[in-house]
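Asker: Sharing a structure here in structure tokens format.
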Number of protein chains: 2
Amino acid sequence: MDQLSSVVSRLQMVSTSDYSSVVSMNLFVALLCACIVIGHLLEENRWMNESITALVIGVCTGVIILLVSGGKSSHLLVFSEDLFFIYLLPPIIFNAGFQVKKKQFFRNFITIMLFGAIGTLISCTIISLGAMQAFKRLDIGSLDLGDFLAIGAIFAATDSVCTLQVLNQDETPLLYSLVFGEGVVNDATSVVLFNAIQSFDLSNLNTSSAFQLLGNFLYLFFASTMLGVITGLLSAYIIKKLYFARHSTDREVALMMLMAYLSYMLAELFDMSGILTVFFCGIVMSHYTWHNVTESSRITTKHAFATLSFVAEIFLFLYVGMDALDIEKWRFVSDSPGTSVAVSSILMGLVMLGRAAFVFPLSFVSNLMKKSPTDKVGFKQQIVIWWAGLMRGAVSTVLAYNQFTRSGHTQLRGNAVMITSTITVVLFSTVVFGLMTKPLIRLLLPQQKAAISMVLSDPPTQKSVTTPLLEQSQDSEADLGSTPLGNGIHRPGSLRALLNAPTHTVHYYWRKFDDGFMRPVFGGRGFVPFVPGSPTERSVRQWN
Amino acid sequence: MDQLSSVVSRLQMVSTSDYSSVVSMNLFVALLCACIVIGHLLEENRWMNESITALVIGVCTGVIILLVSGGKSSHLLVFSEDLFFIYLLPPIIFNAGFQVKKKQFFRNFITIMLFGAIGTLISCTIISLGAMQAFKRLDIGSLDLGDFLAIGAIFAATDSVCTLQVLNQDETPLLYSLVFGEGVVNDATSVVLFNAIQSFDLSNLNTSSAFQLLGNFLYLFFASTMLGVITGLLSAYIIKKLYFARHSTDREVALMMLMAYLSYMLAELFDMSGILTVFFCGIVMSHYTWHNVTESSRITTKHAFATLSFVAEIFLFLYVGMDALDIEKWRFVSDSPGTSVAVSSILMGLVMLGRAAFVFPLSFVSNLMKKSPTDKVGFKQQIVIWWAGLMRGAVSTVLAYNQFTRSGHTQLRGNAVMITSTITVVLFSTVVFGLMTKPLIRLLLPQQKAAISMVLSDPPTQKSVTTPLLEQSQDSEADLGSTPLGNGIHRPGSLRALLNAPTHTVHYYWRKFDDGFMRPVFGGRGFVPFVPGSPTERSVRQWN
């Protein structure tokens, strides 16, 4: 029996070098499964969503681990920025770009940019100044000017992932595109701003450095966007040229996945914003590449990307929930719980104030520019936009860790307080605001649901129900199916096609350029050469 | 400009902590894309396959990196057993189980077990004894009895991944199921054997320890299989019970992926064979779970699993190609190139002899047990089985690293020689034998292709062409579509249904049990409750 047990113990050595990491992975995968099942059971619930479920399960698991380990640790994996920025964020943002309603997004492009760039700057300034004033009277240790500016950037980062879960692209398309589009630009702005603040010589501020910052931001924005567009077009071109009449689903899917990931990694390599790059890569891929592949590839990519994004999101919230109980961070706080509560409340208030300070004025500016009354953002919608963007999530957490810890450990009192306050704000905003968003939308905009469900051309039994992410996945087809120009496919009786008729000249010229040059080169709906009996034939037939 | 550049350099710090790892990942992802594109272009070529392409590209990249880095390094990532056993192997083996022709596999179950378990033992013994005799005269440093036994286990491990690429499930279904089924059992046997040898007290060998080894092997085999079956059934039960009439594609796909991975990790946790577990989990999932989900989920899982497996395979061969040029290993060899060539040639010869020593006798035994002449394995087919299993791949490499290196470094002369010889054997067998398998099959079994393509019920335009992995993916439907019992769905005109009629009583009772108990509980083709207008309706209609 000695030999048997030693055989068994050696087996483990070959299989994997670290036993405890296997235990952690088992538990983590099992928890992910539990989140999916429980999230499904709570689906009908009007308050809950998958993020909150994962967060709550994460906190509960954290408590259990804390008790089992005798108060030593509360989480299974060591959180690293790499894990977040290299593995979890890319699929989430890519999928958002891949399945966003392109028409809505580009119609509101100026408003989105206003909210995302100018709005974030306003929000950041207000939070920084407010924190500077408010924290003077509290005893929270030493924080310098750089720390306060960093606090502004940290708490200006909207959680676009959570927004995806509470807003519904089919029920409130305008709000969804505004809040989510803003979220993506805002993520990029916050990261750029944060880095700029960390590296700036704060003792020597002047006008030229402000212009440098602005120039740097504009350069990053355009370069990142172009990189994403070029990678997307390259994938479309390769698949169109190589796979003509000789389709192979697995190669196409693999190539799309790898090139999407490559765009993100290239952006990281060239020190650009990977978030923006992969978002625009997703948009271009859904507009061109997706139409060059077989019907099986289309279904596979649509759902595989959505699934990857879905799992990454749950993973993220599960981790944030577990990490919230990390004992080291709370040691300093336990001495003076009042201070910590005060700091968190002040920050939460500043977040709300900072967001209000740009949503309402910028909505007013945006409404001035719009001609048609259907495009204008009403006051009730403005309230929803303000509310839905109040959640703070993983980006804030990662930035706070970066500023206030040295490799995950908090030594100074001021730093520890800021970390715990960030966690408190993230938990509070995600759970409380997240829970209240669905009822709030139902209260403020009760007519939306009925109106839109009439317009949808998919039969309700065919589409998956209730989670925003899943409904979204119907979009790529629906969105493209209603294009009134180009390929002569006009879906009769579709109200949306009439509503979305291109009134803007920019859109008209884009259509002309797209149909005259882009689609013949890169493929796209109606422009992939027709091969009788090929997989594309069936899909064209089916969708008419 | 100073500030600008420092902003840029700080950005990288937030985004990722290690710049060189970003460069490596970019290059690796780009190489994977290149392999897919080049593999597609060479698809029509009768010699090449994806593995060889990846291997060649890997070697070329290794040469370039070697030149660029001035002879310091030839690979981008440090190879770890974890990377192989935790991330790359599970998707490959799971997909193989998910898309294997179940009927063929279970009809030949006894033959497969004979080849996989007894055959590996015979092969291992012959290689060990042969190496012991042959290496005496060569000056290759100190190798003890344990090393020689380990050499036997290392070179008895057939590369089932490469087999998937050279044999075609639709053209040669019997050979495919035999060689691939053997490969899976063989992988498990080799790993168990290797661990047993590493931990055995070699100075004290007796009969009881041999029986312990046998008992341990049987326990591992049955426990691993049961774990896979139970996890698969659990996933089927959860999806059937929870998702009834309220399907959601992304949740189903996520749950299937996570539970498949969980089965592998659980096996690792309990010190069992994850390879066997995940293989049987794949079989059960394709028989029950796959039929409980929406049609979109079916298409998505089929192609997503195949794609993941495809990418993991290319990754593996790309890495093996790069790693082959690692300079440290070749330092000792350059002193006496003759010895190294001799050792590699001897090992290659022993691999061929060891395989011949069990394929032909065991085929004879297996033929004695079969009643119908169509089930018997002919002599030409035996040659193909012998030939297709001669390739050595990643499992051999990993085991060799484990035995002959300490954390990737080779200090002793004997160890260095063994590592380089393993690499030589892997490269030589994969490239040379791999290149010659397709022509050999065409030479020995010319009639197979024409006969089978008549039987296939899918129209040839609908299915993806030429790579075995892709053709395989059509199987789950075709295989299940031709079940003559159970749900009354009999595809008229299908020759295969007649050929595969259940002659064996075991199979008949299994069908009765499956239809009477298993399917009503766990779901499966024809046993998922019919909901009018639900996604399942469409799929049932379509497949009749």
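A Cβ is built for glycine as well, from the same backbone N, Cα and C atoms used for every other residue.
The transmembrane segment annotation in TrEMBL covers B:20-42, B:54-71, B:83-100, B:112-136, B:148-167, B:217-239, B:273-291, B:303-322, B:342-362, B:383-404, B:416-436. The feature domain 'Cation/H+ exchanger transmembrane' is assigned by TrEMBL to B:30-441. What TrEMBL records for B:459-486 is region 'Disordered'. According to TrEMBL, the feature compositional bias 'Polar residues' maps to B:459-475.
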Asker: For the transmembrane segment (B:342-362), I need the partner stretch with the highest count of C-beta pairs below 8 angstroms, choosing only from B:20-42, B:112-136, B:303-322, B:416-436.
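Answerer: It is B:112-136 that shares the most Cβ pairs under 8 Å with the transmembrane segment (B:342-362).
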Asker: What same-chain residues lie close to the transmembrane segment (B:217-239): Cβ under 8 Å, and 6 or more beyond its ends?
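Answerer: Residues packing against the transmembrane segment (B:217-239) from afar: 117, 188-189, 192-193, 196, 252, 255-256, 259-260, 262-263, 266-267, 270, 272-285, 288-289, 292-293, 521-524.
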Asker: Using a Cβ cut-off of under 8 Å, list the residues of the same chain at least 6 residues beyond the transmembrane segment (B:83-100) that approach it.
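Answerer: 77, 160-161, 164, 169, 177, 180-181, 184, 187, 260-261, 264, 268, 274-275, 278-283, 285-286, 290, 301-302, 305-306, 308-309, 312-313, 315-316, 394, 398, 472-473, 475-476.
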Asker: At least three Cβ pairs under 8 Å linking the transmembrane segment (B:54-71) and the transmembrane segment (B:303-322), pairs spaced 6 or more in sequence?
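Answerer: Yes, the stretches contact each other.
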